[in-house]
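Only one structure is covered here, and it is reproduced in the block below.
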Amino acid sequence: MKLTLVHLYPKLLNIYGDYGNIIALKYRAEKRGIKLTVRPVEVGEPLKNGSFELLFAGGGQDQQQVTASRDLQKKKMVLRAASDAGVPMLTICGSFQLFGDFFKPFAGPKLKGVGLLPAYTVADKVRKIGNLVIKLNPSLRSTIDNLKSDLLVGFENHSGNTWLKDKSSALGKVVIGHGNNGKDHTEGCRINNVFGCYLHGSLLPKNPHFADHLIKLALTNKYGPVKLKPLNDRLEWQAHRQAVARAKKLAHPLLKYI
Ligand code: GLN
């Protein structure tokens, strides 16, 4: 089996080390004999309907998001069609914000989004920075195989406050940290198989259950129902547990909801 993963704006949206998610997806696919081709798509480069089975986009500073917002207007119809076709996508922070309706930075004009995720973002003058642990949305938990943990753990660093049009579209509930806006205890957003969140870290290397879920969705979409053979994830789960324990130990009491 083979998959094509589009990495959107790897040069433009790359300052929070999110490339580790690409490495994790490639590793976990190829360990199972699945050929995963990573195709970078930069600003101004074409994105064709039906040319990819997975998509990833990372985070970036407000300035880079201005350029990304403009280019996304030329790609949004393809992205929306891919979402309707069930293509799994993972967007982190800056790209997450731009997969919603808009991102209004603290300074400067509102940046138009793709209008795919049912959310919008308005920057706050106080940045939300720190470890972030969330409990996966029950509706998503029930679809993830070999669920050894119902948590996702990462690191957040954003000015944006993201508001969901429907809280049931949240990726999960904040256990430690700020999440979407530091107020309604939601984190991330999902529609179809499109996921957005504030979890840098990189997210997937220490959340193997979610990495496998994305691969399973892509394969199922292309080939029909599949069951992924388990990998030896001793180190990945050790990293997951240690990151959660460290987040719990260091968290400010006002940012702990356990
Ligand atoms: N520039 C956006 C913000 O500050 C996104 C930051 C990011 O991608 N980490 O909210």
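Note: Cβ is positioned from N, Cα and C throughout, glycine not excepted.
Annotated active site, nucleophile per TrEMBL: C93, in sequence order. Per TrEMBL, the feature active site maps to H200. Residues or ranges marked as substrate binding site in TrEMBL: R127. Feature annotation from TrEMBL assigns domain 'CobB/CobQ-like glutamine amidotransferase' to 6-207.
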Alpha-carbon spacing, the residue listed as 'substrate binding site' to the residue listed as 'active site, nucleophile', which is rounded to whole Å: 13
Inter-residue Cα distance where the pair is the residue listed as 'active site, nucleophile' and the residue listed as 'active site', in Å: 8
Neighbour-count leader, CB within 10 A, recorded positions: R127, H200: H200
CB within-chain contacts under 8 A for the residue listed as 'active site, nucleophile', separation at least 6: Y16, D18, G58, G59, G60, E156, N157, H158, G160, C197, Y198, H200
Whole-number mean of pLDDT values that fall within the domain 'CobB/CobQ-like glutamine amidotransferase' (6-207): 97
